[in-house]
Amino acid sequence: MLAAIVLAVIAIGCVHSQTELTLPPLPYDYKAYEPVLSEKIMRLHHDKHFFTYMNKTNAALKAMFVDTKMDGKLKEIAKLPIEDILTQLQVLPDQYHLALRHNGGGYLNHRFFFSILKAPTATVAENKPTGDLLAAIEKSFGTFEKFHELFSAASVNLFGSGWVWLYVDARTNQLVLNFTANQDHPIMFDKNNYVVMGIDLWEHSYYPLYENRRAEYVDNFWRIVDWNVVGKIFTERPIKRSDL
């Protein structure tokens, strides 16, 4: 009986509060990514930058939840998962739109980024995708090597801060390569875009180790991509009739 009451209270609390983001731990120890990414970088990137995006997003959602504008719609949006909130930025007042675009996007991007990393392989050549993901990459880009070349070039040449992504394009249902500036995410432009892989090109992600040698960071990034995780993300995507 007591357990039922506790669960009911928790359920009521969830219904009557805004989404509150948490900080997922790294899948590996901070030192596990060396020498590609140092323990110092991982602690700074995960525990400081990611943490800050989370806190600022939570603050914006908390303010939205008690904001009476838009006949209560802000409150309802604030209760949604962050992925759904970021597809509705265009209906939000400027102060929430900008806060969530920058910080909510930063939270979602970093949560994804850290989830697809692993301890490095000795060489780039021994770390490649397999199965359905490899077949889809080859369908879109010809060969994995061509995709590798295009992704690396886009990453090295991206001006300023941002991300380069591999995602299933909502219009074509095919894997595409594209970039976003700052902390934008592909779902901000079409809610049905489905991200499979991405690289963080903000300087805080690599500068303490690589300084201005972004190309070296990008080259080494291929050693820490967890293709097992990326492949699982790809195969678990929502299937549309045109995929069948």
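Backbone N, Cα and C atoms are what each Cβ position is placed from, and that goes for glycine too.
For HIS45, HIS110, ASP200, HIS204, the entry in TrEMBL reads Mn(2+) binding site. With a 10 A radius on its CB, HIS45 (Mn(2+) binding site) counts 23 other CB atoms from all the protein chains.
The domain 'Manganese/iron superoxide dismutase N-terminal' annotation in TrEMBL covers 22-117.
Across the domain 'Manganese/iron superoxide dismutase C-terminal' (129-231), the model assigns an average pLDDT of 97. Residues annotated as domain 'Manganese/iron superoxide dismutase C-terminal' in TrEMBL: 129-231.
The signal peptide annotation in TrEMBL covers 1-17.
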Winner by Cβ contact number (other Cβ atoms within 10 Å) across the binding-site residues HIS110, HIS204: HIS110
Number of Cβ atoms other than its own within 10 Å, given for ASP200 (Mn(2+) binding site): 24
